[in-house]
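Presented below is the structure to which this report refers.
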Amino acid sequence: MDYINMLAFGVYPYIALAVFFIGTWIRYDREQYTWKTSSSQMLESKQLRKGSLPFHIGIIGIFFGHLVGLLTPKPIWYALGVSNELKQWVAIIMGGIFGVICLYGLVILVNRRMNNVRVRVNSSSMDIFLLWILLAQLVLGLISIFYSVSHVTHGAEGEKAAVMVALMTWAQNIVTLDPVQAVAAVANNPVDWVFKLHVVLGMTIFLIFPFSRLVHMFSVPVQYITRQHQVVRKKFAKPTY
């Protein structure tokens with residue numbers, strides 16, 4: 001079991017992150033033409049509009065929730081007066097809200113990708129695999145909420161948020177390049193299988209990131225917010241009189 005924990009939570013994260021950073025850089029450097037969403041809106045737009053917005057709202061909320069929740073050091077939370085139990089409840093509520101929103105949109109997108117003939121024919125294997133792995137990861141995350149609620153409501157005093165703290169410790173030690181302590185945080189605490197699988201699948205998404213359309217998230221046109229308005233004129237405008 002120690003070898004499995006070391007491989008899954010001490011070695012695999014660095015393999016996934018190395019492929020994520022190096023692969024993304026190589027793709028941007030050598031294959032910029034493929035750096036796009038490969039939109040299929042021209043093939044079908046009704047379901048895309050219906051599913052895309054809630055999916056993106058949900059996934060953005062989930063991403064930043066995980067980023068802040070896992071990587072913010074515990075002393076900062078304590079300085080803000082946020083206890084482990086309170087933080088756990090915030091994670092449960094906000095994760096549940098954004099998770100359901102994301103699930104609603106993602107189910108529509110999966111159905112569209114699989115059952116619309118025009119979209120399916122023009123989809124790559126990675127497009128289909130990506131949607132299914134995102135759906136599996138999202139479902140695991142929603143299932144983990146029930147485990148978290150059980151921990152907070154039925155856990156022993158002082159241990160109600162032990163799993164959350166263990167996962168925070170794991171993530172922060174991975175970032176600070178201390179895999180031994182990262183593995184110990186998972187191995188020495190009663191981390192349920194659903195959380196472990198959620199972590200491993202999350203690392204797998206980082207692993208496949210450079211080979212998928214997910215790279216477009218680094219090309220969000222934020223400059224559009226501050227740029228000057230563009231004036232568009234017709235070449236052959238009709239006289240107005």
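Residue numbers in this text run from 1 along the chain shown.
Heads up, the Cβ atoms here are built off N, Cα and C, so glycines get one too.
Per TrEMBL, heme b 1 binding site is recorded for His56, His198, His216. According to DSSP, His198 (heme b 1 binding site) sits within a helical segment.
The heme b 2 binding site annotation in TrEMBL covers His66. In the three-state DSSP reading, His66 (heme b 2 binding site) counts as helix.
Look at TrEMBL and you will find 5-235 tagged as domain 'NarG-like'. Note on the domain 'NarG-like' (5-235): its mean pLDDT in the predicted model is 90.
Per TrEMBL, transmembrane segment is recorded for 6-26 (among others).
Here TrEMBL flags 51-69 (among others) as transmembrane segment.
Among the features that TrEMBL reports, transmembrane segment is placed at 89-109 (among others).
The transmembrane segment annotation in TrEMBL covers 129-149 (among others). Same-chain residues lying 6 or more positions outside the transmembrane segment (129-149) and placing a CB less than 8 Å from one of its CB atoms are 59, 62, 88, 91-92, 95-96, 99-100, 102-103, 106-107, 109-110, 113, 163-164, 192, 194-195, 197-198, 201-202, 204-205, 208, 212-214.
What TrEMBL records for 193-211 (among others) is transmembrane segment.
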Residue, out of the binding-site residues His56, His66, His198, His216, whose Cβ gathers the largest set of other Cβ atoms within 10 Å: His198
Separation of alpha carbons, His198 (heme b 1 binding site) and His66 (heme b 2 binding site) (Å): 12
